[in-house]
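*Asks:* Below is one structure. I have some questions about it.
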Amino acid sequence: MTSGGIRYEPPADVAEALRVQEELRSRVDLVGPGPTAPTTVAGLDVAYAESGDRLAAAVTVLDAATLAVVDEAVVVGRPAFRYVPGLFAFREMPALLAALDRLTVRPELLVCDGHGLAHPRRFGLACHLGLVTGLPAIGVGKTPLVGEWAEPGPERGAWTPLRDGGEVVGRVLRTRDEVRPVFVSVGHRMSLANAADRVLALTPRYRLPETTRTADRLCRQALAAALA
DNA sequence: GCGACAG
DNA sequence: ATCTTGTCGC
């Protein structure tokens, strides 16, 4: 049980969701620095049915050194909120927490498929998940939501700051040579530099972290099985 | 008012 | 997110 059996009620509407973000944002730990050599790292991802009314949320826990999957859990359910940019977390949170609850191993770090601080109100999915579970968390987005940046160098490891409203909210990080960069931001209890290091440690071969790749495969197959 | 907008 | 044809390359 990773979330400690945390209860999580989705908001009734957009106004309430905004109030919840406003209330929780101040409780995010932006100091970190978080684990530099974690033993286990979890990846979280969600797959949706084309009808849009069903989803599968998966969590995979990897041995941080070998990147082998040591635990996993997946739940099929319904989106808890309609998709609204900036309120994305409310959609997947209940299912992801349910999946986390089914883990046997409590991971030392959560790698989320979406942003953390790189969010219009500095409270993206990674912040929300980290805060609710109490675990260190980072966000790895495939496309930007907010901010401006300069193109990082072409080699793996190159990065540039992602800035929004004058503040650095993340890093645009190249995880593979000559491949489109990813957007890394702090979720909870992590420093930005450590978050970027952890992402590089999870991307020995592909653009996206192994954690999100394994979670992605798991939720897709679970959704297909559930719909069959 | 118009366009942008994680997954 | 999901749909979707072809295409380039290991």
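Yeah, the Cβs are placed from backbone N, Cα and C, and that goes for glycine too.
This is the feature table in TrEMBL:
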- A:Asp45, A:Asp113: Mg(2+) binding site (BINDING)
- A:Tyr83: site 'Interaction with target DNA' (SITE)
*Asks:* Provide the three-state secondary structure of A:Tyr83 (site 'Interaction with target DNA') computed with DSSP.
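*Replies:* The three-state answer is coil.
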*Asks:* How many neighbouring Cβ atoms, not counting its own, are there within 10 Å of the Cβ of A:Asp113 (Mg(2+) binding site)?
*Replies:* 23
*Asks:* Around A:Tyr83 (site 'Interaction with target DNA'), how many other CB atoms lie within 10 A of its CB?
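*Replies:* A:Tyr83 (site 'Interaction with target DNA'): 12 neighbouring Cβ atoms within 10 Å.
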*Asks:* Rounded to the nearest Å, what's the C-alpha distance separating A:Asp45 (Mg(2+) binding site) and A:Tyr83 (site 'Interaction with target DNA')? Just drop the number here, would you?
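*Replies:* Distance (Cα to Cα, whole Å): 16 Å.
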*Asks:* Looking only at DSSP and grouping its letters into three states, which state does A:Asp113 (Mg(2+) binding site) belong to?
*Replies:* coil
*Asks:* Hey, how far is A:Asp113 (Mg(2+) binding site) from A:Tyr83 (site 'Interaction with target DNA'), Cα to Cα, in Å?
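*Replies:* It is 15 Å, counting Cα to Cα.
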